[in-house]
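Before any comments, here is the structure.
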Amino acid sequence: MSSCVKIEDFRRRARRRLPRMVFDYLEGGAAGERGLSRNREAFSKHLFEARRLTDVSHRDASASLFGKRYPLPLAIAPTGINGVLRPGGDLMLARAAARHGIPFCLSTASTSTIEEVATASDGEKWFQLYVLHREQGMLFVKRALDAGYTTLILTVDVAVNGKRERDMRSGFKVPFRLSPRIALDAALHPLWSASQIRHGLPELANFATAQATDASSQAALMNRQMDASFDWAAFAQLRNAWPHKLILKGLNSLAEVGLAERAGADAVILSNHGGRQLEDVAAPIDTLRAVAGKCKMPLLLDSGIRSGADVVKGMAAGAQLCLLGRATLYGLAADGEAGVCDVIKMIASEIDTTLALTGYPRVSEIGPEALLAAH
Ligand SMILES: Cc1cc2nc3c(=O)[nH]c(=O)nc-3n(C[C@H](O)[C@H](O)[C@H](O)COP(=O)(O)O)c2cc1C
């Protein structure tokens, strides 16, 4: 993958390898996709204020969360249906994260089970839970606990799915229904088709039960289990049930971060789900600049991160770690586990260069003074 010089190159490779329908699932945002664009534009709006003549001969990209130090200020964000990009996609992401010493977060909607991922990777694993009915949620909590996941992430911006127009047009859903258009799309991408045929079409593996043995019944089960009535009282029950660190993902305002803090969350991921849920909301990097310093809880960031410079901006704005969503998925789709490793290495190298050029040798010590005042 040496010919890739930026994340956009991995994105192009992913687009070439995947059928249009699958690429659109990976890439798409909600409604007219203004949120998707806003996330990216926000990163270009925040500018560095570099220091000069500081010693940057030794640079350190390590960062810590909850007292644990990681070699890079990164984690891999939870993403569903990874097996449609590459069979075994969850396992590849988990192993690549472990190789680089960063946490991997497995989605509720994964295509490998909680237990398979635990066996495949000895790295740090987090489990992402959707707002599910209590009994189903507690079942997953117990499985994640038994399998050694260290941190639970509750995603709170999916009371229902966002309106993803690309998926509505293409007919993307689990299980796949073969229309002539989808069959042609697959035929034009033979490498992808061959790998999917060899391994079998992906299933919502965590929902497999004696009653839900195929993708269709698993998807129906997952839809039935989504609980749009989940509220702060339900969160309190989850808080009691999970003995380790519990992070809320999908908050995007100071007021909500305050509520999370009072409700006993250990940290918050400022996120708008990569622009896939509600279209007209703030870019989380903007929210982070407004929230940082006004709460005691660690803040993490995702949505729109496509370079090491973006990560350094996130850290300067007050993030403790930044999560990669589409960036690592481009690598996965382009070249499997090696592609994910290449993306992490590229971002690590860009972080290093950015630290040298901004005059801040340690990413953990960079703060808002490294950014021009927000306006
Ligand atoms: C294809 C795809 C699937 C996703 N699935 C989930 C999911 O199952 N659970 C979840 O909490 N977030 C999910 N997300 C959101 C990511 O965790 C993350 O918030 C988002 O990708 C960050 O934005 P970025 O892709 O611009 O980096 C998904 C994102 C993508 C792109």
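Every residue, even glycine, has its Cβ placed from backbone N, Cα and C.
The shown structure was predicted, so the numbers you read here are calculated from the model rather than taken from an experiment.
Marked as active site, proton acceptor by TrEMBL: His273. In the three-state DSSP classification, His273 (active site, proton acceptor) falls within a helix. The Cβ neighbour count for His273 (active site, proton acceptor), using a 10 Å radius over every protein chain in view, is 23.
Marked as glyoxylate binding site by TrEMBL: Tyr25, Arg164, His273, Arg276. All protein chains considered, the CB of Arg276 (glyoxylate binding site) has 25 other CB atoms within 10 Å.
Under a cutoff of 8 A between CB atoms, and with a sequence separation of 6+ in the same chain, the neighbours of Gly325 (FMN binding site) are Ala77, Thr79, Gly274, Asp302, Ser303, Ile305. Positions annotated as FMN binding site by TrEMBL: 78-80, Ser107, Gln128, Tyr130, Thr155, Lys249, Ser271, 302-306, 325-326.
If you look up TrEMBL, you'll see 1-375 marked as domain 'FMN hydroxy acid dehydrogenase'.
Nearest Cα neighbour of Gln128 (FMN binding site) among the listed recorded positions (Tyr25, His273, Arg276): His273. Within 10 Å of Thr155 (FMN binding site), counting C-alpha to C-alpha distances, fall none of the binding-site residues Tyr25, Arg164, Arg276.
Compute the center of the Cβ atoms of Tyr25, Arg164, His273, Arg276, which mark the site for glyoxylate; besides them, the chain residues with Cβ within 8 Å of that center are Gly28, Gly29, Ala30, Asn161, Gly162, Asp167, Gly274, Gly275, Gln277. Whole-number maximum of the Cα to Cα distances across the glyoxylate-binding residues Tyr25, Arg164, His273, Arg276: 13 angstrom. Gly325 (FMN binding site) falls within neither a helix nor a strand when secondary structure is assigned with DSSP, and so counts as coil. Rounded to a whole value, the Cα-Cα separation of Tyr25 (glyoxylate binding site) and Pro78 (FMN binding site) is 15 Å.
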